[in-house]
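Asker: Annotations for this protein, taken from Swiss-Prot, read as follows:
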{"type": "TRANSMEM", "residues": "29-49", "note": "transmembrane segment"}
{"type": "TRANSMEM", "residues": "53-73", "note": "transmembrane segment"}
{"type": "TRANSMEM", "residues": "79-99", "note": "transmembrane segment"}
{"type": "TRANSMEM", "residues": "104-124", "note": "transmembrane segment"}
{"type": "TRANSMEM", "residues": "129-149", "note": "transmembrane segment"}
{"type": "TRANSMEM", "residues": "171-191", "note": "transmembrane segment"}
{"type": "TRANSMEM", "residues": "220-240", "note": "transmembrane segment"}
{"type": "TRANSMEM", "residues": "249-269", "note": "transmembrane segment"}
{"type": "TRANSMEM", "residues": "276-296", "note": "transmembrane segment"}
{"type": "TRANSMEM", "residues": "297-317", "note": "transmembrane segment"}
Amino acid sequence: MSSVSTSGSGAPKSSFSFGRIWDQYGMLVVFAVLFIACAIFVPNFATFINMKGLGLAISMSGMVACGMLFCLASGDFDLSVASVIACAGVTTAVVINLTESLWIGVAAGLLLGVLCGLVNGFVIAKLKINALITTLATMQIVRGLAYIISDGKAVGIEDESFFALGYANWFGLPAPIWLTVACLIIFGLLLNKTTFGRNTLAIGGNEEAARLAGVPVVRTKIIIFVLSGLVSAIAGIILASRMTSGQPMTSIGYELIVISACVLGGVSLKGGIGKISYVVAGILILGTVENAMNLLNISPFAQYVVRGLILLAAVIFDRYKQKAKRTV
């Protein structure tokens, strides 16, 4: 009897070990292979200028994906992030022009993101309304506010010091890249090293069990959506700085790109599973694919098809992983 249990426990251990290694680093390996292939076959891909451009291109999605990671890990998602990006940029531009104060404008943009996240979190956690319906509604509301505040037009920013947020270079790299790295580190530590992060994963794994175990589910969910709104607002402010204006029509459909990156990297749509390395892998893969398509002059319409296929593949892959875990 004991020999059976010993041999039975030995076999799964090695397979689990391999599965754990693949789960941790598999998509990073996929990115490495993709990167090498692009460096070989795509003209001008491996140049320093293009690498800086790639870093800038994924910086915004990297920031927003940090907040989306927590939403997905808790079993929810946030469809309002793209609208918050646009509205935060517009709000910042309008307030800077009205007050002639850079910091008041930035604070107003950040406050808008926090308030949007607070509304999402309260309605979802306290009123127990489905996250899809709630964030779909706030997506429309916030986008509408962006058009109302800007009168449907791009709002130019008169204070040129604001542009330094998007165009500053620190140690040879653009500031948005460093800010994205900082976001990834902070949110990674928050998820893996704090009680808040463990509570987030517990809620996503089994919300009722987490509640019975004493996890403050409502408070945790509200904080999660506030964080998502905050990082989306930061991304929107930096985007406005780089575009030298707040534009209400920007980042339409961006929420799907961010969700695709998270799920492609390995974050589960059902909740309870998520690591910052998954987000890094997902945004790097998506960013590399998009960069390669641009260098190859692939039609923008065809790029929509490719993005859709990647999203579909990510969802199918997530479904397969969940099914495989249940059968083990």
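Glycine is no exception: its Cβ is also placed from the backbone N, Cα and C atoms.
Give me the structural setting of these features: burial, nearby parts and distances.
Answerer: Among residues of the same chain six or more beyond the transmembrane segment (53-73), those with a C-beta under 8 A of the stretch's C-beta atoms are 81, 85, 131, 173-174, 176-177, 179-180, 183-184, 186-187, 191, 200-201, 204, 224-225, 227-232, 234-235, 238-239, 254, 257-259, 261-263, 267-269, 271-274, 276, 278-280, 282-284, 286-288, 290-291.
Nonlocal intrachain contacts for the transmembrane segment (104-124), taken as residues 6+ away from its ends with a CB within less than 8 angstroms of a stretch CB, comprise 76, 78, 80, 84, 87-89, 91-96, 130-131, 134-135, 138, 142, 159, 162, 221-234, 236-237, 240.
Remote same-chain residues near the transmembrane segment (129-149) are listed as 71, 76-80, 82-84, 86-87, 90-91, 94, 116, 119-120, 123, 248, 255 (criterion: CB distance under 8 Å, separation of at least six residues from the stretch ends).
Packing against the transmembrane segment (171-191) from elsewhere in the chain are residues 52, 55-56, 58-60, 62-63, 66-67, 69-70, 73, 164-165, 197, 200-201, 231, 234, 238, 242, 274-277, 279-280: each is 6 or more residues past its ends and has a CB under 8 Å from a CB in it.
Same-chain residues lying 6 or more positions outside the transmembrane segment (276-296) and placing a CB less than 8 Å from one of its CB atoms are 24-25, 27-28, 30-31, 34-35, 38, 42-45, 50, 53-54, 57-58, 61-62, 65-66, 69, 184, 187-188, 191-192, 257, 260-267, 302-303, 306-307, 310, 314.
When Cβ-Cβ distances below 8 Å are used as the criterion, the transmembrane segment (297-317) is approached by residues 256-257, 259-260, 263-264, 269, 282, 286, 289-290 of the same chain, each at least six residues removed from its ends.
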